[in-house]
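If you look up Swiss-Prot, you'll see 37-84 marked as domain 'F-box'. Taken from Swiss-Prot, the feature repeat 'Kelch 1' applies to 93-139. The repeat 'Kelch 2' annotation in Swiss-Prot covers 145-200. Feature annotation from Swiss-Prot assigns repeat 'Kelch 3' to 204-257. Among the features that Swiss-Prot reports, repeat 'Kelch 4' is placed at 269-328. Residues or ranges marked as repeat 'Kelch 5' in Swiss-Prot: 330-377. Positions annotated as repeat 'Kelch 6' by Swiss-Prot: 390-437.
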Amino acid sequence: MPLPIFPSRLQCSSSSSSSSSRSSFFRPKLRIDPSLTLIPGLSNDVGRLILSFVPYPHISRIKSTCKSWYAFLSSKTLISLRHSRDNSNTNNLSHLLCIFPQDPSISPPFLFDPVTLSWRSLPLMPCNPHVYGLCNFVAVALGPYVYVLGGSAFDTRSYPLDVPLPTSSVFRYSFVKSVWERLSPMMSPRGSFACAAMPGSCGRIIVAGGGSRHTLFGAAGSRMSSVEMYDVEKDEWRVMNELPRFRAGCVGFLVENEKEKEKEEEGREFWVMGGYGGSRTVSGILPVDEYYKDAVVMDLRVDGGEKWRVVGDMWGEEERPKLGKIVAVDCGKPVFFMLDKDWILRYEMGLNRWRKESSVPKKAHYDKPVGFVALNGELHVMILLDGYNLMDTRHTRQQRKAGSLMIHMYDPKKKTWRSVVSKPPFNHQLDFRTTVMCTIRL
């Protein structure tokens, strides 16, 4: 006896089969129901605030918890919320190190968290097909952005081809949009210059000095004394009073005057330390730089009355030939520290002298380059343990993988040291002589 036929069931079956066939050919983009809450029992506003306190390097790990978390943690709202929840206190943000091992247009930069020892790569910077070998650029952070300014590179359109030229290009990486942006170039091309970011309601960046020297050459290159200031909102550069003399290879810091700290712009000073100006020759053949032992300071004022004052020599004739690597730490007020071989020196501003603060607990092999940065109020001495030799050629170093990274951390308030070891994710050697680093809070 034949089975009865039910049209409704056939219709349902056919519709389901056609639906499945359509879904196999057309895969619409997954949409998340906006009515779903991030955390059950709490409003989305509260849930977003709670998730915004997660340390930045851990965000990629918790994205896969659920669809709503993935949508929020991948959105532009996250970074904006982390920076806007308390503008007066940035200690709640993760203090990270941004490392540029090589030319950022051919080798990606990385973010490093010294607390969790986690690494995260960033996209490549836009490439110019005519320019290669960018080095001696400056990276500085301002808000949720990292700026890459200037540098020295080779240009295939110039002659002779083996002469490096300074560049005036400026790029900015936005952690909100996760993209690189090209900004207005500097008025004067420069590399190896002093630079400092001025946070506030109207963010600004100031640059001073510089030249055209490339890392492939130990001497030669131009020097300059020009000073410029960049307005972030207007995307414009303006000329400021020049340095008292030519100065390249220098470093810059922003210092706030405690008496006028409530005045956003007027209580600031721009310090430019070290560097070199003229040169001399040994036996009439070998060029040798003449390094400066002093510093110059500019008082930054709204009325445009910027003036430079010269600070005398910071050390004697027989102490050291040139300034070492310098960082600034906020110990209630900015304090300068310098790494001089295996010693940490503190700058006594009243005496205008560098005094010994502490020694690195484990002596580094000083035939290797050493990194020196300030993070979370601590000094970080970064030493590559293995896989590096100064006698290796440039090609050989690029073929080898990076070794382990020993980081000695010094707390200036507690006068204590601690050490950690991390494995960098680079597929090439890390050379601290040419590596560019800056810190950022996210």
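Every residue number used here counts from 1 along the chain in the order it is shown.
The backbone N, Cα and C atoms fix where each Cβ goes, glycine too.
Per-stretch counts of Cβ pairs under 8 Å to the repeat 'Kelch 4' (269-328) identify 204-257 as the leading one among 93-139, 145-200, 204-257. Secondary structure counts, DSSP: the repeat 'Kelch 5' (330-377) has 0 helix, 27 strand, 21 coil. Where the repeat 'Kelch 1' (93-139) meets the stretches 145-200, 204-257, 330-377, the count of C-beta pairs under 8 angstroms peaks at 145-200. Residue counts of the domain 'F-box' (37-84) by helix, strand and coil are 33 helix, 0 strand, 15 coil (DSSP-based). Under DSSP, the residues of the repeat 'Kelch 4' (269-328) split into helix, strand and coil as follows: 0 helix, 33 strand, 27 coil.
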